[in-house]
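Engineer: Got a structure for you, written out below as structure tokens; questions coming shortly.
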Amino acid sequence: MRLFEPRGPLVNSEYYPGWLDHWGVPHNTVKAEVVAKTLDVMLALNASVNMYMFHGGTSFGFTAGSNLGNRFQACPTSYDYDAPLSEAGDPTEKYWVLRNVTGKYLPLPPGEVPPASPKFGYGKVSLAPTGSVFQMADLLQKVTNKWPLTFEELLVPNGIVVYQTVLPFRIADPARLTLGDIHDRGYVFVDTKFAGMVSREQNMYDLAIYARPNQTITIVAESQGRICFGSQINDFKGITTNVTLSDHTLEGWTMIPLPITHTSRLQNALAHLHHWAAGQNMPPLGLQGTDKGGMTFFSGSFQVPEDSSHPRDTFLRLDGWNKGVAWVNNFCLGRYWPEVGPQVTLYVPRGVLHQGTNTLVLLEQEAAPCLTPDTCHATLQETHIINGPTPL
């Protein structure tokens, strides 16, 4: 700092006691002793220090961001950051070490440090399918255009948009479907049959498909989080270029935003879907997006004891589920993706819960462990896991 400001105050406006995570990458940690040693040096120089983050917390809903360095990387729902206070606001070992260093230079607040909040495992939550994304899309308002529109052009802040077009011509077998760019993940279907994925994270933008004239090509596009730093923060989402099939540009698109970013709209859509499916006498799963229960909504309920010690913080564990979004009592906890880690559980703060019956809704995008009712469940446990296994 003295190289640029020889006389002014010493200020570290962003001192990192930890670091952020990305899906599919091991959880970041910084040793408490290392953080404390540097803090000691700065305070000994009478420097001012702002810790980022002292309490990282949670990116609830769809607020988790992403970064674009050598490649696009989406951040998980947890913003624990290996910070001095945990995601649940509890003091960690790092907190106590940094508190002791601070106490050498500044008076500490009087009184006891608040203890960690009590946690509770509410156990297994049985879930059942309530309808597929395809069934819901049939009931929602549609937008048509010659070319695919971005989320922003559709006035969709985040979440998922279903793009559909009908193939008007005969193509080779197989034919290469190419999306010049997808922001950020796309699930491709021919009629209702899952054909494959495209992924900005993996730099995969095309795949071979087989389709006949008059079949519907569907691309379910997911925004995985907006770029939050650097020169490319003007980050449009969805299908951002034309789509070609065997070098022929596909035209005549229908776009259907899913109402998953608006709690009341989602409630209404799920209620209409349930009423419609019952009237049609259709099985709940209907069109299974990936033939394994993907692109399907699931719901269930659990009980919170009716005594003064409840509700308490808890953590949602989704063993066997792949990737999706979770809601408790119509509050969007955020995205889950235990299949790639490192985050395995989602933080459920006690303020979201109430005594008596509580609800859990999942939108599973890829595959659900629901071949039998006994395996179709989630678990609410009292421990958080944000350092789970990740791909090689």
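Including glycine, each Cβ sits where the backbone N, Cα and C put it.
As annotated by TrEMBL, domain 'Glycoside hydrolase 35 catalytic' applies to 3-104. Residues annotated as domain 'Beta-galactosidase 1-like first all-beta' in TrEMBL: 148-258. Feature annotation from TrEMBL assigns domain 'Beta-galactosidase galactose-binding' to 295-358.
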Engineer: So how many of the residues in the domain 'Beta-galactosidase galactose-binding' (295-358) end up helix, strand or coil by DSSP?
Structural biologist: 3 helix, 32 strand, 29 coil
Engineer: How many of the residues that make up the domain 'Beta-galactosidase 1-like first all-beta' (148-258) does DSSP mark as helix, as strand and as coil?
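Structural biologist: For the domain 'Beta-galactosidase 1-like first all-beta' (148-258), the helix, strand and coil counts are 0 helix, 52 strand, 59 coil.
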Engineer: Do you know the mean pLDDT across the domain 'Beta-galactosidase galactose-binding' (295-358)?
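Structural biologist: Averaged over the domain 'Beta-galactosidase galactose-binding' (295-358), per-residue pLDDT gives 98.
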